[in-house]
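One structure is given here, and the rest of the page talks about it.
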Amino acid sequence: MRIGIIGAMEEEIILLKSKMESPKEWLQANALFISGEIEGHQVVLVQSGIGKVNAAIAATLLISQCEVETLINTGSAGGIGKGLAVGDIVVSTEVAYHDVDATIFNYEIGQVPQMPARYTADKRLVKMTIAAAKNVGLHPIEGLIVTSDSFIAGKIQKEKIMEDFPDALAAEMEGAAIAQVCYQFKKSFVIVRAMSDVANEEASISFDEFIIEAGKKSANMVLELLKISM
């Protein structure tokens, strides 16, 4: 089974790239693709670029051209759930857009017309990701991750998300787009996020300071997930 792994930024894929055997690189649609083997698995790793469209393009190419069967999205996020701190780990059970509003047509907040309101991650993948995190000494929380094309860095933004999605744990900029592509192609997925900030007024400073560490934590989980076999 070929596995696709997407990270938006170099900091989020560099550890995985360093572990890849016989890597082959190419650029497509301004994204960096690297194919090879990690822990005995055929893997295609992509640095997609930030945002929903970039993530969706990468996911579509991975499925349609690289023929991956499952997708893992690794990286950082802003912690918005109560009690979350920088460095904490969230694994998706569900993913949703928090910047979509077609409620005038009787859709739920966050629901793209004719699509699910929330995208459900593969239960087996979630279970194995939780186990992988614990194996490397992390204490993951599982739940809802929400996505938009905005970096959340303020009380008003955060409160609006929590009003619409009171069970949301983390906010980021790619996950739901990847999940929607997987839904359309009937492929399994899981989103893995380490908190680089807590989506407050200091979020941009915290992000710059902790992005490398957050990227490493998330990538280490993915490495362990591959190691314990999927």
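From the backbone N, Cα and C atoms, a Cβ is placed for every residue, glycine too.
Curation does not apply to TrEMBL; its annotations are automatic.
Sequence annotations record features per position, and here TrEMBL assigns active site, proton acceptor to GLU12. The Cβ of GLU12 (active site, proton acceptor) has 29 neighbouring Cβ atoms from other residues within 10 Å, across all protein chains displayed.
According to TrEMBL, the active site, proton donor annotation covers ASP197.
The substrate binding site annotation in TrEMBL covers GLY78, ILE152, MET173, GLU174. ILE152 (substrate binding site) falls within neither a helix nor a strand when secondary structure is assigned with DSSP, and so counts as coil.
As annotated by TrEMBL, domain 'Nucleoside phosphorylase' applies to 2-227. The predicted model assigns the domain 'Nucleoside phosphorylase' (2-227) a mean pLDDT of 93.
In this structure, the C-alpha atom of GLU174 (substrate binding site) lies 13 angstrom from that of GLU12 (active site, proton acceptor).
Cα-Cα distance from GLU12 (active site, proton acceptor) to GLY78 (substrate binding site): 15 Å (rounded to the nearest whole number). If you measure from the Cα atom of ASP197 (active site, proton donor) to that of GLY78 (substrate binding site), you get 5 Å.
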